[in-house]
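Since the structure comes first, as C-alpha cells, the remarks are kept for the end.
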Amino acid sequence: MEAHFHVSHDSDDEAHCKEKKDDVDNPEIADFEKAISLTGYGKYNYLLLLTAMIGTIGHQCDLNGVSFLLPSAECDLNLTQRDKGLLNAVIYTGMISSAFMWGFLSDTFGRRIPITVAYFLDAILNICSSFAPSFWVLLVIKFCTGFVICGPVSMVKAYLAEFHGQSSRAKVMMCTGVFASSANVIIPGLAWIIIPQPWSWELFDGYIVYNSWRIYVLVCAMPSLLAAFLMTFFLESPKFLMAIGRNEQAIDVLRSVYRINTGRDAQTYPWLPQIFATMQEYTHIQESMNVSIVGVSLCDMLEYTQFQNTTEVHQEGTGHCSVRGPQGDVVTSYPQMTEYANQLSRYARPTT
C-alpha cells in the first residue's frame with residue numbers, strides 16, 4: 001500500500017507540493033475516476049446501455065412519431081394544416097418550458113428517480129393520447145408529453161456517463177447517438193407496418209374509433225414504460241451521491257456495481273475511500289486540525305492493500321507524534337494527529 005503524507009518545510013517538499021497541488025485542490029474528481037474504473041465493465045454496464053437504448057427509442061417516438069400519424073388522424077380529428085403544424089411544434093414547446101425544472105430536479109433528487117418518474121409519466125400520457133377524441137385534447141397531451149420527456153433526453157446521458165470511467169465514457173456517449181439514429185429508423189418502420197392496417201374498433205358507443213394510428217401511438221408508449229420499469233432496478237449515480245456528501249451510499253453503489261460486473265463479493269472491492277471525499281469535508285478537516293496537509297496523494301491511497309499493516313503511529317517524547325508510511329513521515333502535534341487518525345479510521349477496513 002502506497003500512502004503519501006507530507007507536511008514539511010524544506011525546498012524539496014515545496015516542489016513536491018506544487019506538483020500535487022491540482023490533485024489536492026480537487027480530490028473528488030481524481031478519486032471518482034479511479035473508483036469507478038475499479039468497478040470493471042460488465043453486466044451492469046451492458047444492462048444500463050440496454051435500458052438507455054430503450055429509453056432513447058421512447059423519447060424519439062415522442063419527438064418524431066407525431067408526423068407519421070397525422071395523415072391518418074387528419075380525418076378522425078378534422079385536422080387543418082395549422083393543426084398539424086401545432087401538433088409537431090407543441091412537444092418542443094413543452095420541452096423548452098421544463099428544461100430548467102429538470103436541471104433543478106436532477107441536481108436535487110439525483111438522476112435515477114427523475115428519469116424513472118419521467119419515463120413512467122411519458123408512457124401514461126402516450127397511452128392517454130391514443131384515446132384523444134379531438135385535436136385540442138391531443139394538443140394538450142402532447143404539450144405535457146414534451147414537458148415530461150425533456151428530463152430523460154439529457155439526464156440519461158449524464159446518468160450513463162457517471163457509471164463509466166474515462167476509458168469507456170466517450171464510447172458510451174457515442175452509443176447514445178447511435179441509439180437515437182437507430183430509433184429514427186425503427187419509428188417509421190413501425191408506422192409503415194401498423195398504420196396501413198385496416199384495424200378499427202368503436203369505443204364508448206362510437207365516441208372514439210380506435211383504429212390503426214391509435215394503436216401506433218399505443219405501441220410508441222411501450223419503450224418508455226419498459227424503460228421506467230427497468231430503471232427501478234438500477235442504482236443512483238455514485239458521482240451524484242459523492243457530490244452531495246453521501247459518501248457511504250456512494251461506496252455501497254460502487255461495491256454493488258463491482259459485484260454485478262465481476263461476480264465477486266462486494267466487500268472485495270479494492271478501494272479505500274478517500275479521506276477528503278468532497279472539497280467541503282477537506283476544508284472542514286483542514287481547518288479543524290489547523291495544519292497544512294499540502295502533499296496528500298489521494299490517488300495512491302485508492303490502490304488498497306493492507307493499510308493498517310503499513311502505517312505506524314508513534315508518540316515522541318517531545319509531545320509530537322509521527323505517522324510513518326512507506327514513503328515518509330508526517331510530524332505534527334499529538335492532538336492534531338489524533339484527530340487526523342480518527343478521520344482516517346472512518347474508512348479503514350479490517351484486513352483478512
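For all residues, glycine too, the Cβ spot is worked out from N, Cα and C.
TrEMBL: automatically predicted annotations, no manual curation.
According to TrEMBL:
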- 1-21: region 'Disordered' (REGION)
- 48-352: domain 'Major facilitator superfamily (MFS) profile' (DOMAIN)
- 86-105: transmembrane segment (TRANSMEM)
- 135-160: transmembrane segment (TRANSMEM)
- 172-195: transmembrane segment (TRANSMEM)
- 215-235: transmembrane segment (TRANSMEM)
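Of the candidate ranges 86-105, 135-160, 215-235, 215-235 contributes the most Cβ pairs within a distance under 8 Å of the transmembrane segment (172-195). Sequence-distant contacts of the transmembrane segment (135-160) (same chain, at least 6 residues past either end, Cβ-Cβ under 8 Å): 48-49, 52, 55-56, 58-59, 62-63, 66, 73, 77-79, 83, 86-87, 90-99, 102, 105-106, 111-112, 114-115, 118-119, 121-122, 125-126, 128-129, 172-173, 176, 224, 227, 237. Within its own chain, the transmembrane segment (86-105) has Cβ neighbours under 8 Å at 62-63, 66-67, 70, 79, 114, 118, 135, 138-139, 142-151, 153-155, counting only residues six or more beyond its boundaries. With a cut-off of 8 Å between Cβ atoms, the residues of this chain six or more beyond the transmembrane segment (215-235) that come close are 47-48, 50-51, 54-55, 57-59, 61-62, 65, 68-69, 112, 115-117, 119-120, 122-124, 126-127, 129-130, 149, 152, 187, 190-191, 194-195, 197, 199, 253, 256-257.
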